[in-house]
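Q: I have a structure I would like to understand better, so I am pasting it below and will then ask my questions one at a time.
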Amino acid sequence: MALLGRPGLGPLLAVLAALAASGTTTRPVHLLTLLSSGQGALDRVALGGLLNTLAARVHCADGPCGKCLSVDDALALGRPEQPGAPSGQVLEPRHIARLSAAAALYLSDPAGTCAEVRAGRWAARADQLLVLLESSQALSVALTRLLQQIQARAAGQPTSQQACVDLPQLLGEAAGIGAPGSPGPVLAALLGHVWSGACFHALPTPQYFVDFVFRQHSSENPNITLDELAALMERLGLGGATEPHDSHSDDSPLGKGQGPVPLAAPNSSASAWDTLCLSAQDIMAVYGMSEQAGVTPDDWARLSPALLQQQLSGACSPQPTLPTQDQLSQAERYLYGSLATLLICLCSLLGLLLLSCASCSTTSHYIIQAFLSMAVGALTGDALLHLMPKVLGLHTHDGEDHGFQPTWHLLAVLGGLYAFFLFERLFNLLLPLDPEDPKDGACSHGHSHGGHSHGVSLQLAPSDFRQPKQLHEGSRADLVAEESPELLSPEPRRRSPGLRLLPYVITLGDAVHNFADGLAVGAAFLSSWKTGLATSLAVFCHEVPHELGDFAALLHAGLSVRRALLLNVASALTAFIGLYVALAAGVGEDGETWILAVAAGLFLYVALCDMLPAMLNVRDRRPWLLFLLHNVGLLGGWTVLLLLSLYEDNIAF
């Protein structure tokens, strides 16, 4: 041990011991001492030996996992805030905890960790693991599962005679340097044992379950007394009232007719497995039983203490889910959801804002087109880049991470959509127009009175927003009378039954649509505030052109400005109903997934079936300006949702 005090010899001897693979277990004093004392460092030679040991320890089911870790990758763990800086020559003691967490990730999931290393996120994932293990309640359970994954990936299985390291030993070694329950020292102890070639036992021994039951009573008697047995049976819901025995004195609690003596709470420091919920496969593995042979009567007598311990500890009882950093409390969900929905509903008043400006008829047309393209980008981007990964479970934070690869694949879907959009738009711009196509209007539009179509209401001429002489009583006939000579006829305008029905069809369709939007916003805020923000942004972007178009369509149907605004606002308020239904129902994670899946389908339908055709069919005297606005809106919407999808884990207040 004196040689370890000399500079450079300690790491070198550790490397030689790892390469020798003698199979003997040595106490990992090197890493723990380095971490606790803050003296010394790991140089390139030591790190190279450690990485070779890690690569030799793992085994994948489909063959060798291969080597993906380099010394430079390990040295980069010391400067995660400067990924482009040149590598140093040593790893300082203050980075041992991150190195240990990063090594544990590699041992438990080598393929996934290699993907993180290539993406430059190895240090970030190691820090996330350390934060996850900070909770003392989650430390034992998470470390047990981590040891199970490491044991499953181990290249060789330990023999029955081999003494292996278990979780209590790791916790004890961390406590020995004055850091009980601290994840950094525990993982450093784990890495030290890996370096020395030790094996691991992830599950407790059979004797643990018997010891747990006897630890439940507080008396000094090594045996369970009658009173304690009665308390134990009552806790299990077994047996009837205990009759006092003749030999009992009147001072006995049972003799006085009092209830059984309550059991003492389990000592949390007695064992690291007290809160571990074991599966049937785990229990059979503890007792060395074959899954194919099953449990014999003799085996049942052996494993009964394990079942009793699981019942007494309550380890498998449903635990209240604690909100994560991204999740909101119930009051915050209602507050932020209501504010977001209110902003969305205010879109219904934008028509009045445009009508107040008599010179904005041409400008309003380009504003609508810009919002239209931004809505397509926001809707498709939110559906494909944000909602679909959540629905498919690709945005998980339970240790199994898929990296950015699915995001790039989904971005390629949007790339294909954009490529064909460019092809069609350039094809229409470069080819000569049909002489019958209108050239002097801002846009061509047709009308369908048999039903509600957003494509109809979104393709509007600038004259659709001309201000009437009397704002409080103006109608669509007043707005376009100066351009429609037939409306100047002394005969009153006769509206067809279909045109008279159109306002109610539009209002009903918008009410259902806004109700679905409210459901989507509510489910998004149930998931996290980031998902709520992204969904609210997408809904807002597509509601602006929708509400403007619907307002103009209502005016075209002959309604007054006041009545058109009233119907527009009334249909928008159904979004609050959908929001509160989603929040009050308190759907679980599965329910949120289904609602978000339906919301993704709704967004794709509205974007690709309603709004994109409106963009493709619009005609204008300045087509290249429209082409520029459409591209800016599309790319802007996709960029915002892409950045949110990639970096939402790094957003915090």
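Cβ from N, Cα, C; glycine included.
It should be emphasised that the depicted structure is a prediction, and the values quoted were computed from it without experimental measurement.
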Q: Name the residue, out of E424, E543, that Swiss-Prot lists for the same Zn(2+) 2 site as N514, D517, please.
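A: For the Zn(2+) 2 site that includes N514, D517, Swiss-Prot also lists E543.
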Q: Taking Swiss-Prot as the reference, C199 is linked by a disulphide to which residue in C164, C277?
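A: Matching partner in the record: C164.
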Q: Does the transmembrane segment (624-644) come close to the transmembrane segment (367-387), meaning at least 3 CB pairs under 8 Å for residues 6 or more apart?
A: yes
Q: Between N223 (N-linked glycosylation site) and D517 (site 'Essential role in Zn(2+) sensing'), what is the CA-CA distance rounded to a whole number of Å?
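A: Distance (Cα to Cα, whole Å): 64 Å.
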Q: Can you give me the same-chain residues 6 or more apart in sequence from D517 (site 'Essential role in Zn(2+) sensing') with a CB-CB distance under 8 Å?
A: I344, V539, E543, A575, G578
Q: For N223 (N-linked glycosylation site), just count the other CB atoms lying within 10 A of its CB, please.
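A: So the number of other Cβ atoms within 10 Å of N223 (N-linked glycosylation site) is 9.
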